[in-house]
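S.K.: Quick one: the structure is below, and I'll ask about it shortly.
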Amino acid sequence: MTVESIQNVTVIGAGTMGHGIAEITAMAGYSVTLQDVDSDALAEGYRRIEWSLDKLAENGVIESVDTVAGRIDTETETASAVKNADVVIEAVSEDLELKRTIFEDIDGHASTDAILASNTSSLSVSKIASEISRPERAVGLHFFNPPVKMDLVEVIYGAKTSDQTVDRALSFVNSLDKKPIEVQKDVFGFVVNNILHGFIDEPAWMVSRGEATIPEADAAMVHCRNYPMGPFELADLSGIDIAYDVRQAGDIPIPPVMQERVDAGEYGRKAGVGYYDYENGDGPMYEQGDGVTFDTLHVEACMANKAAELLEQDVTTVEDIDTGMQLGAGFPVGICERADEIGLGTIVQKLSTFHEKYGESRYEPAEYLVQLVEEGHAGVAAGAGFYEYDTE
Ligand code: NAD
């Protein structure tokens, strides 16, 4: 069901994310305007929507392609695209200056109570909206790729976003049949990517230090810990260059194995070679037995530490972290639930050992985690950890 106060939605940028967001918004019953400055990209975006709707109709997910496609108009001009919009979702390339300019442009042409949302995956919502007249209407709406399949949307507060804007944004996301999680502070990486950095980077540090091999790490995380993909396999799929740029932008140290791939132009699947060879090889090559010696606790302890830091900073809740990691990253269970199973004392001990050995600040156990352990909230075995457990 659509939200009463929202009829018209404009999506700016018809690329990978924009066309998908326009598609699901039309499926939910809204009138959609898809805008792109590049008319070829716009036509291609619309063609991709029609292709996807055909598949959904074949599978009985929607009744009529024409009805849904008929709700979508296309536009190349921003001013006319946004003038009747109740919600504008910007999904152009990940470039702060470009997004800032577009937000100013939208601000000048959209109605005063329209929500102005950005689908940025790593930039600051506050910075994107810093020059607009009503920053209280700006919000992050971080959809995951592909929007038609991924059920999660992170709803992010910028520094000046009002509760009313977030409430409307949450209702809008629910009306798309997606699950929103609230990110109450505009921290780098928001929730899901913040924790996912640990999943990808820690194995890369271990390989860089000669403590493990790539197939060992991937085999262990998939076969021993049930993650849907190994960290290196995932990095190859999502693009090592993109991961690299995000870390550069966030001042996050780059593991040497990642640097080497970037220097060699070996960006992953799209380049034909990354951590694995897709051109002359068979892509990810690992077997169940490869993972038995890999230290999975190292990786999971670092992710749990990141989760604790987010809780310490009041960015989000335990439940939203776990929902986010399951729906946004395909984790088999949330990282807080996993940490409780492992035992928070074990995790703090592991992190302290690393902190002492490597001196890196990311290994320092979060105060929140230490406090939980000190209070006897050491995980499932203790009856409480990140969660409370019914021990009856
Ligand atoms: P993309 O390169 O596929 O598409 C960007 C589109 O924006 C292009 O069609 C381009 O023509 C258009 N564009 C550029 N300048 C414009 C302007 N001034 N006005 C209107 N349109 C303009 O990019 P993408 O992968 O869809 O990413 C879009 C945003 O979504 C980025 O902020 C990205 O970080 C975020 N995001 C991407 C993914 C992903 O997996 N691709 C996932 C989540 C979030």
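Numbering starts at 1 and runs along the chain as displayed.
Backbone N, Cα and C atoms are what each Cβ position is placed from, and that goes for glycine too.
Feature annotation from TrEMBL assigns domain '3-hydroxyacyl-CoA dehydrogenase NAD binding' to 8-186. What TrEMBL lists as domain '3-hydroxyacyl-CoA dehydrogenase C-terminal' is 189-278, 301-389.
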S.K.: Quick one: DSSP breakdown of the domain '3-hydroxyacyl-CoA dehydrogenase C-terminal' (301-389) into helix, strand and coil?
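M.R.: DSSP composition of the domain '3-hydroxyacyl-CoA dehydrogenase C-terminal' (301-389): 61 helix, 3 strand, 25 coil.
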S.K.: With DSSP, how much of the domain '3-hydroxyacyl-CoA dehydrogenase C-terminal' (189-278) is helix, how much strand and how much coil, in residues?
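M.R.: Across the domain '3-hydroxyacyl-CoA dehydrogenase C-terminal' (189-278), DSSP assigns the residues as follows: 57 helix, 3 strand, 30 coil.
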